[in-house]
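Record features, source Swiss-Prot:
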ACT_SITE  SER196  active site, nucleophile
ACT_SITE  HIS248  active site, charge relay system
TRANSMEM  56-76  transmembrane segment
TRANSMEM  136-156  transmembrane segment
TRANSMEM  163-183  transmembrane segment
TRANSMEM  191-211  transmembrane segment
TRANSMEM  221-241  transmembrane segment
TRANSMEM  244-264  transmembrane segment
TRANSMEM  295-315  transmembrane segment
Amino acid sequence: MARDRREGLEIKVVNPPAAATNNVAVETSPATATRRRRQQQRASFAEFRPFKLWFPWLVPAIVVANIALFAISMFINNCPKNSAYCLARFLGRFAFQPMKENPLLGPSSLTLEKMGALDVSMVVHKHEVWRLFTCIWLHAGVFHVLANMLSLIFIGIRLEQEFGFVRIGLLYMISGFGGSLLSSLFNRAGISVGASGALFGLLGAMLSELLTNWTIYANKFAALLTLIFIIAINLAVGILPHVDNFAHLGGFTSGFLLGFVFLIRPQYGYFNQRNNPRGYAAPSAKSKHKPYQYVLWITSLVLLIAGYTAGLVVLLRGTDLNKHCSWCHYLSCIPTSLWSCKSQNVYCESSQIGQQMNLTCITNGKTEMYKLSNDIPSRIQQLCSQLCR
């Protein structure tokens, strides 16, 4: 019965508007409204990704190239053919030089010099400036190349994802050149190889990028302190003997200045106003960059050009900056009771037999034969140092 009476009924439920359910106006303070608006803007900014994420292929390619060049160096070195004693002789021509000669498990200094290692005498007297670039692609041993390439992967992948291969590639090469340049101005003896200067350039660029793009980062103080701590630890290692800290300092300084040039980004407010909803009236239009970013960009570019130009002029004139700076050597090595920074004097006897020169180290009695060439007389001291290790 009840069902029959209600069959023709149609019931509609209408929800009243929210304003009708509550006729009491709620007032919020200006500070609360501003805070809510900023939270909404930050939430929308987090969803809105204004910066393109790049696929990182350059850094892995650099790693592969460095490892390949190290393998080529070992192939050319051919220790069993050129030396009486070799480490891991079962590797054939890829065997390592003796530990006393190269504790990093790698080729001889002569092989690295043929491959393009940084030799100041070659740069100054033969004007082989290209060695300032080629040396950053070579490594002294297995331990050396592994340490540098792992660090490059750890640092470089993220930077390439954020800024692209063009800017990071230029940053890597120019920083490496800066490290080689400063190293050649102070380290006049021996040869130098390695990508450490370029790696420190990436660290320096990370620091300047954080400073110049300060407004777009959260937890910026924690990130800044962490980065400074990492940089300080790495630079502190450079005060140990046999570590080229001038290359580290030159690369870091170059990268720090290059970061202000290559890694500048628009400020937070610029992208925030672009993401405002339609109809929202912004208080004032934000410029793409802040004034201090322009100042840092111009200042850094001028310092880079002036520094590189002056450094090349001083280097090609053959000037030894150690004679003009009595304390600068402490930047690369600080003597303690555990080690000495002074190079031990070595003495050798030489004699010529036909087209070969016989060199004997007086300290350890080791003897080596060298084929005579035009540059052998000028490199006797270097060959003697290698023989007496």
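Cβ atoms here come from the backbone N, Cα and C positions, even for glycine.
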Inset, instruction - Could you round the CA separation between HIS248 (active site, charge relay system) and the residue listed as 'active site, nucleophile' to a whole angstrom and send it over? - result: 6
Inset, instruction - Give me the stretch from 136-156, 163-183, 295-315 with the greatest number of Cβ pairs under 8 Å to the transmembrane segment (244-264). - result: 163-183
Inset, instruction - Could you find out if DSSP has the residue listed as 'active site, charge relay system' as helix, strand or coil? - result: helix
Inset, instruction - Report, as numbers and ranges, every residue of the chain located at least six residues beyond the transmembrane segment (295-315) whose Cβ falls under 8 Å of a Cβ in that stretch; write 'none' if there are none. - result: 120, 123-124, 129, 174, 177-178, 181-182, 184-185, 208, 212, 254, 257-258, 260-261, 264, 321
Legend entry - HIS248 (active site, charge relay system), number of other Cβ atoms within 10 Å: 28
Inset, instruction - Output, ordered by sequence, the same-chain residues six or more apart from SER196 (active site, nucleophile) with a CB under 8 Å from its CB, or 'none'. - result: ASN148, GLY179, ASP244, ALA247, HIS248, GLY251
